[in-house]
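Record features, source Swiss-Prot:
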MOD_RES   K109  N6-(pyridoxal phosphate)lysine
BINDING   I291, D292, V293, G294, G295, G296, L297, G298, I299, D300, F301  substrate binding site
Amino acid sequence: MTNFDSKKLNKHWTIEDSISTYGIDKWGDQYFSINSLGNISITPNRNSKKTIDLFKLVNEIKSREINTPLILRFNDILKDRITELNNAFSQAIETYNYKNIFQGVFPIKCNQQKNVLEKIIEYGDYWDFGLEVGSKSELLIGLSLLENKKSLLICNGYKDKKYIEIAILARKLGKQPIIVIEQIDEVQRIIEAVKNLRSTPILGIRSKLSSKSSGRWGKSVGDNSKFGLSIPEIMLTIKELKEASLINEMKLLHFHIGSQISDISVIKDALQEASQIFVELSKLGAPMKYIDVGGGLGIDFDGTKTSSNTSTNYSLQNYANDVVATIKDSCEVNNIQHPIIISESGRAIVSHCSVLIFDVLGTSHVSSQIKVSHQKKTSLIIKNLIDTHNQLKNLRNKKEDLSEIIELWNDAKKFKKDCLVAFRLGFISLGERAYAEELTWACAKEISSHLDNEKIIHPDLSEITETLSSTYYANLSVFKSIPDTWAINQIFPIIPIHRHLEEPICKGNFADLTCDSDGKLNNFIDNGKIKSLLNLHRPEENNDYLIGIFMAGAYQEALGNFHNLFGNTNVIHIDINEDNTYKIKNIIKENSKSEILELLDYSSDNLVESIRINTEFAINNKTLSIEEARKLIDQIETSLRKSSYLSE
């Protein structure tokens, strides 16, 4: 690891400084905080005294030879999120004197992991919490896991004949599947299946809303949205169901306005439109019993409580209040019975419970490469840079003049560009070009050393911070473990899980293990804004520098891919005890290289045998000894059994 000047450490750095730097008091939502040791603490029930030191936990897990990168999943946080959601709706129902109940479902697509779904069903059983499925595979999962006869199984997605028949027959098992009509051609398939099976389903209908949504998923609504029926199609569906004597099975209205809705006004508009559609369906003769408000309940990734894409300008209680109040108002005006309210709030349930931990393998610091020394022979173009550097050094003893500093920095950039042109034309050597780059970095370092942070962000000087920034090499694959950062520029809270009694004197970003330029983490939360560099510590010799990515429990594992053949990480499910000890409930082991290769139809045995044959040729040609061949095969066989990530 790179050495650093200990004199630059701020001995007065406090935990409060770290809290302010990383904003954990805002986005942590009382689940995550910094303790007196300078480590991240996990408090699964927010205001309770039950807490655990995350850094200590990770080290104890590693002592079991379970290596990073790894996902820690805190069951108690998952339980708390389900409880909070149900309590919020219970409070809203009581406040507004609503004459029915809330009955949530979890959309399996958010996190299909068996252990997660089992815990959601266990923790939600008191409220008859159900599941939402969007494919035949998810339908089979839902049917196998849901045992509570009152829990709902909302059947969304494209539906062929088999999907519909399975859902209809599942009613005879005592299940509560509701087939939601999302495409107009599903109506005739349902009618045909009912005739063939002589059994009736519970039906719902998904409406395309005209209300405008916002944010990254704003196109989930409107006439061109992927799913749902237009108003004319809804009218046609009602007509066809009446003709087939199935109108009495139409009991649910569903709508969806996108994921992670940041602005509560968008939700209110959609609720008003959907509530009126619900009323009209009742007037058309359908015995409407449920209204499914879909997903969209957002979480506050940056802690600013604003309508930015990384936040929400409403609380969970605000959301529940608006859902309940709006539906009630529409029903009472039209003398319609209050329906059971369903939500498909996946991200809000599972995001907080998962923390991705990775270690830093090494760093690259531009400042460590600055070794400016006088060279005997220098071209005029290099001398210009030397003069600029000397002028900046002389400013140390002069009154700070921002305009002069800006002028000198612009000169340095111009002279560096001149050197590049000269190198391309063959007028200067590779060594001289290296010297020019070192001089430019030295100029940036001089400016940074005697300007405070407020002036360094002047538009003409802001790139200096980027110039002097560090790259931290992360032992993970962005594409496997946190793909939304690459695919949709999603921002997650990222923070060291220890050393918060020390000032993070570096600014840097992360490069992952893949051979892909997109494999970087370079967008970070900054008090409602997005910054490209994160405050970080210099890694220490022989000590792991551990980083946590928080609120990453939704979608990431399902969407991750095997880019460069990096596989699944270790996943550990944790229960925290009342005495602040913990219990490891489940360990889901990472993929070995052999397992990853077999997913792509490579046989590990055949691979080893192929290499062994090559070693025999090499032995015969005397380019490889028998001992070297044995060592090579042993290394390969051992490697195939081990993780795809780097380890000691």
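Even glycines carry a Cβ here, placed using N, Cα and C.
Minimal Cβ crowding within 10 Å, among the binding-site residues I291, V293, L297, I299, is found at I299. Shown in sequence order, P107, H256, G258, S259, S343, E344, S345, G346, R347 are the residues of the chain, 6+ apart in sequence, with a C-beta less than 8 angstroms from the C-beta of G295 (substrate binding site). Secondary structure at L297 (substrate binding site), as computed by DSSP, is strand.
The Cβ of the residue listed as 'N6-(pyridoxal phosphate)lysine' has 20 other Cβ atoms within 10 Å, all protein chains considered. In this structure, the C-alpha atom of K109 (N6-(pyridoxal phosphate)lysine) lies 15 angstrom from that of L297 (substrate binding site). Residues within less than 8 Å, Cβ to Cβ, of F301 (substrate binding site) and separated from it by at least 6 positions along the same chain comprise W27, T310, S311, I491, F492, P493, I525, M551.
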